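One structure below.
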Amino acid sequence: MDSKQQTVRLSDGHFIPILGFGTYAPQEVPKSKATEATKIAIDAGFRHIDSASMYQNEKEVGLAIRSKIADGTVKREDIFYTSKVWCTFHRPELVRVCLEQSLKQLQLDYVDLYLIHFPMAMKPGENYLPKDENGKLIYDAVDICDTWEAMEKCKDAGLAKSIGVSNFNRRQLEKILKKPGLKYKPVCNQVECHPYLNQGKLLDFCRSKDIVLVAYSALGSHREKQWVDQSSPVLLDNPVLGSMAKKYNRTPALIALRYQLQRGVVVLAKSFSEKRIKENMQVFEFQLTSEDMKVLDDLNKNIRYISGSSFKDHPDFPFWDEY
């Protein structure tokens, strides 16, 4: 099945495929893997591809997209591609610079969706994680509304079809929504979301504002030491997911993905295994009962895998608020 048929309308009139392919990989994974996996994903039916400047793999992901266009598998307009502006490019004059760098790496003319990756500005420069001599991150003071105005200009210039945010809490979303002279509101908020962190309150708030929630780490997480607390439980080992997978004759990953789709959440599935990439497309082939949805809702433990703890002293750190 082609996931293109399964889309959600964004507030600006564009449509986003509800199943997306995530391309982030820990540093030790060779970048060439991103090309290979993205090609497999497109062949399997994925049409929504998610990356970011920070992932430093856009050259490889772009190569996969362009090769699948060249061999006739897809046209450019069949692909929904997301990139994100990193924290060191929050100054208004740098937002478009970051996007143009991404487009150059990708060798594409536009992105379908451009997001502010985190609501925290860091010192501009070559380093994605600028640190002082004591190894402490160096922050920058930029009003998120100024960054947003630069995002609006990227949309007006045709470099991004839609614009949104990622890792924002309710207060930070409201700040943009209440901005005087707001031209375009964020179409989505991409956040960590899975049965252990189901984001129920944030989802309700976003729904009330016609903002789509997009789930990353929907299968738990890659568990990379730099970002993830190693003592956190492995989501896909959860016995409830395990028994439900048996009941539906699916995998625990498919149960976790289907859970999001039935809540109206756009979900990113990340895998570099050909078998699992193809398997994840089965999410459209079955439906969870409302009772089982309730059971999954009750798994919530507010466990955040990507805690962002290295940024926790940033004045705009998003995860202190309840949601």
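Backbone N, Cα and C atoms are what each Cβ position is placed from, and that goes for glycine too.
The Cβ of Gln190 (NADP(+) binding site) lies under 8 Å from the Cβ of Asp50, Thr82, Leu115, Gly164, Val165, Ser166, Asn167, Leu213, Val214, Ala215, Tyr216, Leu268, each on the same chain and at least six residues away in sequence. The NADP(+) binding site annotation in Swiss-Prot covers 20-24, Asp50, 166-167, Gln190, 216-221, 270-280.
The 10 Å shell around the Cβ of Tyr55 (active site, proton donor) contains 21 further Cβ atoms across the protein chains shown. The active site, proton donor feature in Swiss-Prot is assigned to Tyr55.
What Swiss-Prot records for Lys84 is site 'Lowers pKa of active site Tyr', and it gives similarity to another entry as the kind of evidence. In the three-state DSSP scheme, Lys84 (site 'Lowers pKa of active site Tyr') is classed as strand.
The substrate binding site annotation in Swiss-Prot covers His117, and the record cites similarity to another entry as its basis. Secondary structure from DSSP puts His117 (substrate binding site) in coil.
Between the recorded positions Lys84, His117, Lys84 has the most other Cβ atoms inside 10 Å of its own Cβ, all protein chains included. When Cα-Cα distances from Tyr55 (active site, proton donor) are compared across the recorded positions Tyr24, Lys84, Leu219, Ser271, Glu279, the shortest belongs to Tyr24. Secondary structure at Leu219 (NADP(+) binding site), as computed by DSSP, is coil. Here the binding-site residues are Gly20, Tyr24, Ser271, Lys275, Glu279, and the one ringed by the most other CB atoms within 10 angstroms is Gly20. In three-state terms derived from DSSP, Tyr55 (active site, proton donor) belongs to a helical segment. Nothing from the binding-site residues Tyr24, Leu219, Ser271 places its Cα within 10 Å of the Cα belonging to Lys84 (site 'Lowers pKa of active site Tyr').
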